[in-house]
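Peer 1: Quick paste of what TrEMBL says about this protein:
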| type | residues | note |
| --- | --- | --- |
| COMPBIAS | 1-10 | compositional bias 'Polar residues' |
| REGION | 1-73 | region 'Disordered' |
| COMPBIAS | 20-31 | compositional bias 'Polar residues' |
| COMPBIAS | 40-57 | compositional bias 'Polar residues' |
| TRANSMEM | 150-170 | transmembrane segment |
| DOMAIN | 155-326 | domain 'Amino acid permease/ SLC12A' |
| TRANSMEM | 182-207 | transmembrane segment |
| TRANSMEM | 228-259 | transmembrane segment |
| TRANSMEM | 279-298 | transmembrane segment |
| TRANSMEM | 305-326 | transmembrane segment |
| TRANSMEM | 472-496 | transmembrane segment |
| DOMAIN | 474-756 | domain 'Amino acid permease/ SLC12A' |
| TRANSMEM | 517-543 | transmembrane segment |
| TRANSMEM | 563-581 | transmembrane segment |
| TRANSMEM | 641-662 | transmembrane segment |
| TRANSMEM | 674-691 | transmembrane segment |
| DOMAIN | 770-888 | domain 'SLC12A transporter C-terminal' |
| DOMAIN | 903-984 | domain 'SLC12A transporter C-terminal' |
| REGION | 1022-1053 | region 'Disordered' |
| DOMAIN | 1057-1161 | domain 'SLC12A transporter C-terminal' |
């Protein structure tokens, strides 16, 4: 019987005379047998009884036997620790140092071969019930009477009251005089078209279901989503609040200018008037806010009175215009040449330079004749006193003093224009049939400080500049078409009043469209006809006189009214007060509705109020914001601000209707059928154009505010699902994009990792390796798709609860790690089948995952059930077959979290074979994340004996330069060394363990005893490694070393000659029973040659990787493919363990077979 003897002597390679890693291949003969320095050969085809390994002749147990060379026929046999098992025929195709990758060399070439082909660096191959129902569960609604309001009282009249306002009475005549009838008509028509188109869109939305309180906010938010709804809702709230400021300023302007001018605290114009507006405006705001706080019912009771004032005022204008055709109202306007004189400065009511004063003792008849001669004279000193009445004398008027520096002397030095021109009086209200409209057709825009002139009157020395010290009527602001649009537009707002009362309407579906559209038609007719009437009845200089200074401070519109101007003054004052109260009542409720929706976290406090639901805190905030408008103190400056906010609101109402119509969502079934998406789009365009026409900088500010609110709600607001149109748009856009992606594979430049992260859950539905998702989040610099999946074992019909629990667990973990993506859970009887189904079915169209991320089965050696590592290998095979990339982080628990950035170190890339460039792209993506940003990048590649390592380094550096990747480059030379005894014995241990685990039918105790024998033998064989201090990782290795360490028997076992007889004795002594028959086969087992080559690759690569990258933060390494024969699966796991031994963090990378990185732009 041949003996088996191992010489256990720690001999290093350099101790062997004439042998080293660079020694020539002395045994490259075509033989399938591996020689051990003995005449006996080891061949797997020989029977076990004849197999053996003997020492050299003359060797004894315990005696060091370095080597002996036996000469054979054309061969030299070396008996030492090195084994050369390669054959010359295979050296051309397979490299012994890359045997792990040899089965895939046709699709995954060596790096040297790849770089050789890239000499010119050509391009690479391309590879139902709504949430409102749930929210209202906790809200107890009081029982109330059924709504009984109809179209007229519920919609039409409220809309009239909100649309007619301060602009009609205070600014429309000024707009007509400045812009001319034609341009003013155009301004009014555009604004009315905007509101009409918006009303059509609003009617469609309002009749597509029940619209609760909240009006436009509710419609926009439920149509466009919480982000748009919150942004536009707040804009509408700010617009309504500033509208309150505008109405209050209008009321104070009427009070101080036309009713009680003597009530002004500060005397004078300009800044003094603004300060008066601020003081009285603040007082009025406090009183109105107090009234609203006390009770809204009082405001509602006063609303009908205020509306009656508005209607009476408008009727008085029309009646006055008709009356003016037959009897002109007496409102004379004093003119100096063609310049308008301020009526307040004519204190003596004399529109002339001088008057003749009667002297005492003059006859009454002569006095009468004298005064009759000079009453209409406006030239004064140019006329000599009549000789027939020497008792009369000439005296200067009050205007003389103003133009002559206060002097009453007739020979005083006066203004040149005053001296050159005469005074005249014209009628301010020529009447409907006077033909004055021909003069008012054209525009007359002025700059600030210009004198209001009548161009049809002649004057001399018109180029002489007017001084502000003279009693002319000056323009207070610079006017333009754009400015007038911004000032006028608030007069057409208020069309939402009907939809705000939808809860009080008997038939909201019918009343809202009819009432709103009729109200807009009525107001549009009033505004358009008013433009024509004002231009036909009122003199142009009076129209351009904003505050009525030329008609002695009368309200310009009031001069046309019948029977008295006070009808308009009183009516407009009360209507503006009523509109201000309505704004202060509606704005807090709108803010309360937004706050109660809980979409903006910092507004939650404003959702609370008094016990009866009145929004106390919202009213306080509204009053503070309205005070900001009061402090501006100018009606002309506040109006453009609220114009922006209302236009933005109307824009999104039109957008909501256009979007819903265009998408044709099944739920879009409005009762109002007279709409079309083109009308909504036209309305949206007009709104946008008006925003930039009126004030481009205000438009930008309003958009910035809305965008900031939108982004805030998007990132910090509460999540809401309202079935909005933006979701529908997203679905349509996603469908379109997916269909486009289906047209072909993505270009290399567009490739990004679309991750499918496979997580495993324990019995309590907790994720076993949450760091796997953390690592996936760090790869998200590619901004690709992420799907997090898991497999629940069982039957779907019986495991639906576990399915939902697993899904919620994954979603919670994704939220915690801030990973944007989707979850996918599959219930399957077998995990590997579920994973296979998931890989095949994940994604949709072109948005399918192209990279699988899964963890390493750490306990595959200790597990009695081989299902874990078999599932792992099956997943590797499935991903390979599906042409997907695979990322396997090893020691994932040691990977840094998102809160543990690496301050230094390197990410090392070991580029063994080229598989699409994944190894180049992944470090770049990782370094975009804050955790890996400060890490450098090193790329190592392996050069064989036949490769030019210097040229390889140059080519690799050039390649990285063209890829725009900064990294250190190093080429590691690996010589064709002989296979060490450690490699051979490690392979033998692997196969023995594999054979042992196949005895699955043995009892657990028998398997444990058998495993103990193998481990005892393996621990002894480990010491035969030359120059290797690696510890064995087999099951229970630590326990075996603890038992055997320090024991005398272990020392004796190490020094003994290992024979079959002694093995049998040792086994019986330690186990106490005979060994099963299967174990005898393991003692005679001889390692497969291909396994030896693969183990040699793993050992040699591990040595150089540990040597170069032992201090790296992360090592990226090509992952070899699994064997084609499934019988070697466990060996494959062992190869990967050996390949990554001694490395702290490893990422095994396996490309999907397509190029993922390119050098071209």
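From the backbone N, Cα and C atoms, a Cβ is placed for every residue, glycine too.
As the structure is a computational prediction, the values presented were derived from the model and not from experiment.
Can you tell me where each of these features sits in the structure?
Peer 2: Residues 175-176, 216, 219, 223, 441-443, 481, 484-485, 488-489, 491-493, 495-496, 499, 502, 508-509, 512-513, 516-517, 520-521, 523-524, 527-528, 531-532, 535, 647, 650, 653-654, 656-658, 660-661, 670-672, 674-675, 679-680, 682-683, 686-687, 690 of the same chain sit 6 or more residues outside the transmembrane segment (182-207) yet have a Cβ under 8 Å from a Cβ within it.
The list of residues near the transmembrane segment (228-259) in space but at least 6 beyond its ends in sequence, with Cβ under 8 angstroms from a Cβ of it, reads 165-166, 169-170, 216-217, 220-222, 273, 276-277, 280-281, 284-285, 288, 490, 493, 547-548, 553-555, 558, 569, 572-573, 576-577, 579-580, 583-584, 586-587, 590-591, 593-594, 597, 599-600, 622, 625-630, 632-635, 638-639, 641-642, 644-646, 648-649, 652, 702, 705-707, 709-710, 713, 717, 722, 724, 726.
Residues 244-245, 248-249, 251-252, 255-256, 263, 265, 577, 580-581, 584-585, 588, 614, 616, 619, 622-623, 626-627, 630, 633 of the same chain lie 6 or more positions beyond the ends of the transmembrane segment (279-298) yet place their CB under 8 Å from a CB of it.
Panel annotation: around the transmembrane segment (517-543), residues 151, 155-156, 159-160, 163-164, 168, 172-174, 176-178, 180-181, 184-185, 188-189, 192, 195-196, 199-200, 203, 314, 317-318, 321, 324, 331, 333, 335, 340, 426-432, 434, 436-437, 439-441, 444, 452-454, 473, 491-492, 495, 498, 550-551, 556-557, 559-560 of the same chain, lying at least six beyond its termini, place a Cβ under 8 Å from a Cβ of the stretch.
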Peer 1: Give the nonlocal contacts of the transmembrane segment (641-662) in its own chain as ranges (CB under 8 Å, at least six residues past its ends).
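Peer 2: That would be 194-195, 197-198, 200-202, 204-205, 208, 216, 219-220, 223-224, 228, 232, 235-236, 238-240, 242-243, 246, 485-487, 489-490, 493, 629, 668, 675-677, 680-681, 683-684, 687-688, 690-691, 694-695, 698-699, 701-703, 706, 725-726, 728-729.
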Peer 1: Which one of these stretches, 150-170, 472-496, 674-691, has the most C-beta pairs shorter than 8 Å to the transmembrane segment (563-581)?
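Peer 2: Ranked by Cβ pairs under 8 Å, first place goes to 150-170.
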Peer 1: Check the transmembrane segment (472-496) against each of 150-170, 305-326, 674-691 and return whichever range has the most CB pairs under 8 Å.
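Peer 2: Between the candidates 150-170, 305-326, 674-691, the best contact partner of the transmembrane segment (472-496) is 150-170.
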Peer 1: How do the residues of the domain 'SLC12A transporter C-terminal' (770-888) split into helix, strand and coil according to DSSP?
Peer 2: 55 helix, 25 strand, 39 coil
Peer 1: Same chain, outside the transmembrane segment (305-326) by at least 6, Cβ under 8 Å from its Cβ: which residues?
Peer 2: 157, 160-161, 164, 168-169, 429-433, 526, 529-530, 533, 536-537, 557, 560-563, 567-568, 570-572, 574-575, 577-579, 581
Peer 1: How many helix, strand and coil residues does the domain 'SLC12A transporter C-terminal' (903-984) contain under DSSP?
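Peer 2: Counts, helix then strand then coil: 27 helix, 23 strand, 32 coil.
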